[in-house]
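First up is the structure itself, then whatever we jot down about it.
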Amino acid sequence: MADGPGLAARRAALRLLDAVLRRGLPLEAALDAAARELTRGDDRALAHALAAAVLRRLPDLDALIDSATARPLPADAKARFALRIALAQALVLGTPGHAAIATVLPLVDGGPRKLVHGVFGTLMRRRVALPARPSLPGGVAQRWLAAWGRDMIDAAAEAIAAPAPIDLSFAVEPEAFDGVALAPRHRRLPPGTRVTELPGYAEGGWWVQDLAASIPARLLGAGGGRQALDLCAAPGGKTLQLAAAGWRVTALDNAPARLDRLRDNLARTGLPAELVLADVLDWAPPAPVDAILLDAPCSATGIFRRHPDVLHRVRAKDIAALAELQGRLLARAAGWLRPGGILVFATCSLEPQEGEAHLAAAEAAGLEPVPVLADELPPGILPDPRGHVRTLPSILADQGRLDGFFIARFRRAGQAGAD
Ligand SMILES: C[S@@+](CC[C@H](N)C(=O)[O-])C[C@H]1O[C@@H](n2cnc3c(N)ncnc32)[C@H](O)[C@@H]1O
């Protein structure tokens, strides 16, 4: 049978879901390989949208499928994957049922076509719908309920239902620019905004960065020509902020392709930074520095709204391994500050192991907390009483919410200027 319109995009969506759910790969990282046969940009976008829609609603889609089969289909059965895609089209993306199933059946040609057709038909005849508030994957819901309580779980479930707004950071306060300003040098735009079509893209006066992600660099203030190390810097949103705030930035990362993206971002924005391709665990600066921003590698569960795959991929053992690495990076970086120098540590994680649990170890490494004050933060975001910042999806609920971050600021003990 000749491939009908859109079939290649469905095949790519199936490959994407297989990469995320069976092989544990990030959705964005799997996209090039999964979509290699797609010649049209809109097919690639459709494949990504289908896979993301499935990942946002996976527990509820699976519950529907299980309600219509005598015995649960295996988690990795092709029929389950095909049904997830068909149901996401019909129930999330508004595709008419007959079209949703017709575009998916060829995925199971030579296999369980009858089963897929039957289960889908049963569910459509029952006029099923997805719950207004999505269910989170079981392990995630348990972890976050224990850490943050019911309100946060409900907020996270609402946040995963739909794509997040687009936040822009600006090098200088824009005079006239659409969007809502939730902080200085910030504008929030609706989900789905095509950023490359916005004014000033080529001139590089702004870059995409969630409001929560902009807080770590804000907490270092104006640089006045002093030196800052941006460790784990790529693709560079925080490097750009530091350079724009007048810091002399050395930006380091150990991933060559990501450092290339940082180089491109500097070229587009015209902001200066020295780039270093190195591993924080091997490298050391030639002399102690005034400021360090350590945006450590983490589970990235805090950015689940933009990357819904994380909630299905990240396991407790991954979180433990990343927390251990973060501890080593933090202890090493602590030794590179001059006395009185400031270090901001951040992770885009909603796991306390990758955040609050580091506070005691930081003090043991000779760092004393420098509590964040409410007036240093965008309105509506408050510091934790212990002085650090914990952003949750429940914050700014009626203004589009926030990604989940842990951010803490420290000073190296000793007198300023006494190195
Ligand atoms: C959370 S991302 C950084 C995001 C970045 N700060 C920004 O604002 O765009 C973490 C980065 O750490 C880098 N990384 C991980 N382990 C590293 C190590 N041992 N040394 C240097 N960089 C590392 C990764 O390549 C990744 O780019």
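Including glycine, each Cβ sits where the backbone N, Cα and C put it.
Unlike curated records, TrEMBL annotations are generated automatically.
Model, not experiment: these values are computed from the prediction.
According to TrEMBL, Cys232, Ala233, Ala234, Pro235, Gly236, Gly237, Lys238, Asp279, Asp295 bind S-adenosyl-L-methionine; the candidate from Asp253, Asp309 that the record adds to this site is Asp253. Under the DSSP three-state reduction, Ala234 (S-adenosyl-L-methionine binding site) is assigned to coil, being neither helix nor strand. Overall, the recorded S-adenosyl-L-methionine-binding residues Cys232, Ala233, Ala234, Pro235, Gly236, Gly237, Lys238, Asp253, Asp279, Asp295 cover a maximum inter-Cα distance of 19 Å.
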